[in-house]
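Here is the structure we will look at, set down as structure tokens.
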Amino acid sequence: MHPSASAGVRLSAIVALAALVIFIVCPLGSIFITSFTGSENESLLVQHALDAALASENVETVVNSIVLAGFVVVLTTVMATPLALLLSRTSWGQSHWLDIALLIPFMTPPYIGAMGWILFMQKRGLLEQLLPPAGAVTPAFFSLGGLVFVMSLHALPFMTTIMKNALIRVPGNLEEAAAVSGAGFSKRLKQVLLPLVTGNYAIAMLLVFVKTLAEYGTPSTLGRRIGFDVFTTKIHAYATTAPVNFGAAATLSLILITICMAMWMLQSWITANRSFRLVGAKGARPAFWKLSGWPRRAAALYIGIVLVLAVGVPWFSVIATSLIKIRGYGLALGNFTLMHYVELFTENPKGLDAFVTSLMLALSVGLIASFLGTVIVWLIRHSGRMGRLLEGIGLLPEMLPSIVMAIGLMLFWNQIYTWIPLYNTMGFMVLVYVILFLPYAIQYTTSAWMQVSPSLREAGSVCGGSPFFVLTRITLPLIAVGIVQGFIMIFIIVLRELVAASLISPPDVLVISTFIVNEFEQGSASVAMAMALICVLVSALMLFALRMLLSRMKHISAV
């Protein structure tokens with residue numbers, strides 16, 4: 001690289017690093033400072049943080065959060081382990097439709113899934129209409145057990161996928177050797193197979209634990225009905241309910257940051273010290289269990305029950321409710337209509353405004369984040385040690401719960417409002433989302449960049465091409481698919497995101513998620529579910545478009 005170009009890259013990297021410090025590190029610093037000064041910005045005292053942290057309601061919140069996360073990990077493990085074994089060791093793994101079906105709960109926004117279960121299990125709900133005697137047991141759903149159950153169903157695909165991939169990498173010859181030595185099925189399972197994937201399970205367990213701590217949608221939708229506060233709902237209440245208490249919100253956020261960072265460090269340690277290198281071993285093919293008779297029927301029954309609970313019940317509730325004309329008549333014949341879908345875009349201006357606002361927000365955030373992510377990745381690859389620092393700070397928002405980052409940005413931009421009056425505007429909303437989802441753009445672009453041989457860029461430079469020429473004529477066309485992947489994923493997530501939208505939306509501005517929640521809480525469940533279904537259909541169309549694009553790009557590469 002020419003010396004002047006190298007100097008330009010260093011200067012650009014310094015500017016980018018300064019920007020990331022301002023937009024990511026400073027908001028996190030605001031959380032730290034506010035937790036020790038309180039909402040009134042008094043002198044820096046540890047006593048402020050201790051008083052807030054040790055307040056009885058906050059101690060209860062911390063305990064509730066850890067208990068909930070622990071129970072979710074246990075139940076998710078119980079449900080995911082048999083699924084992972086069936087998908088990795090039996091003919092069920094060849095059923096690609098099953099992989100797609102099991103991803104539906106993960107693709108469904110948690111608050112929509114929780115609403116579906118509420119509509120199904122509530123008094124005079126859909127279950128009671130289908131099976132009246134069930135009214136004797138449905139109240140038990142509205143408890144900690146019900147909350148754990150719904151959140152476990154959402155985390156199920158995540159743990160199942162990690163465990164399935166780990167089991168597939170275990171060579172079958174290890175099990176065969178144990179069988180030859182006289183070990184029965186249960187002994188091979190307990191002493192050979194499961195110990196080899198313990199490290200992967202520990203990683204999955206920690207990720208599910210952190211994901212549960214960071215989740216807002218289900219605790220807000222279902223948890224509030226049973227009076228069960230967790231980190232996210234309590235932080236949200238402190239930041240939005242009068243009298244606003246940013247000091248307490250910052251203290252809880254700091255505790256949540258500490259727990260999450262500890263979990264990430266533990267995950268890194270487990271990855272480095274408790275993982276087995278199995279790929280590439282001689283005979284590295286997974287063992288195959290041939291099921292027949294009652295074991296096969298039992299497996300089919302289990303998979304069917306999981307699909308009904310994880311996919312069937314919530315989406316039956318969403319679709320049925322969106323089509324019900326008069327809720328009092330329920331599922332009666334002749335009580336179905338499409339008028340709620342029509343109403344969204346004709347008689348309900350708030351619905352149309354929310355839909356358009358979400359589309360424009362998702363489009364603008366996707367474009368900006370994709371552009372910035374591409375620039376940052378280019379600087380990372382050309383800036384040495386500074387590039388690693390850029391990458392670390394740029395990926396930081398992904399390691400933290402969205403509500404924590406949103407609170408930090410609220411505090412920071414509220415403090416500098418006198419100089420830059422951006423807070424409480426649509427511009428601020430775009431800024432927050434770009435920061436939250438910039439890591440997606442960086443990761444997808446980095447993944448695509450790593451697949452491009454350095455020799456191609458070197459050849460362009462040797463032939464006299466400037467860094468800009470090499471970037472625009474060689475690198476960008478080759479990493480375009482990764483950039484588009486990042487854009488589509490950001491678009492989909494922003495389209496349905498709830499926690500940040502409920503915190504930072506300007507007055508009288510609704511997006512799809514806040515519109516759904518407002519309509520649901522105000523009793524217009526049919527309209528809310530109609531919007532929910534449209535939101536998911538748009539997301540599915542975007543994913544289908546991405547799949548078509550990837551298929552086309554592979555075809556072009558093959559030609």
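In case you wondered, yes, glycine gets a Cβ from its N, Cα and C as well.
Since the structure is predicted, the reported quantities are computational estimates derived from the model, not experimental observations.
Record features, source TrEMBL:
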- 62-267: domain 'ABC transmembrane type-1' (DOMAIN)
- 355-546: domain 'ABC transmembrane type-1' (DOMAIN)
- 12-36: transmembrane segment (TRANSMEM)
- 66-88: transmembrane segment (TRANSMEM)
- 100-120: transmembrane segment (TRANSMEM)
- 140-159: transmembrane segment (TRANSMEM)
- 192-210: transmembrane segment (TRANSMEM)
- 246-266: transmembrane segment (TRANSMEM)
- 299-324: transmembrane segment (TRANSMEM)
- 354-380: transmembrane segment (TRANSMEM)
- 392-413: transmembrane segment (TRANSMEM)
- 419-442: transmembrane segment (TRANSMEM)
- 478-504: transmembrane segment (TRANSMEM)
- 524-546: transmembrane segment (TRANSMEM)
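The transmembrane segment (100-120) is not in contact with the transmembrane segment (354-380), judged by fewer than 3 CB-CB distances under 8 Å for residue pairs 6 or more apart in sequence. If you count C-beta pairs under 8 angstroms between the transmembrane segment (299-324) and each of 12-36, 66-88, 140-159, 246-266, the highest count goes to 66-88. At the 8 Å Cβ threshold, with sequence separation of at least 6, the transmembrane segment (12-36) lacks contact with the transmembrane segment (140-159), having fewer than 3 such pairs.
Within its own chain, the transmembrane segment (140-159) has Cβ neighbours under 8 Å at 67-68, 71-72, 75-77, 79-80, 83-84, 102-103, 105-106, 108, 110, 113-114, 117, 121-122, 204-205, 207-208, 211-212, 215, 218-219, 222-223, 225-226, 228, 306, 309-310, counting only residues six or more beyond its boundaries.
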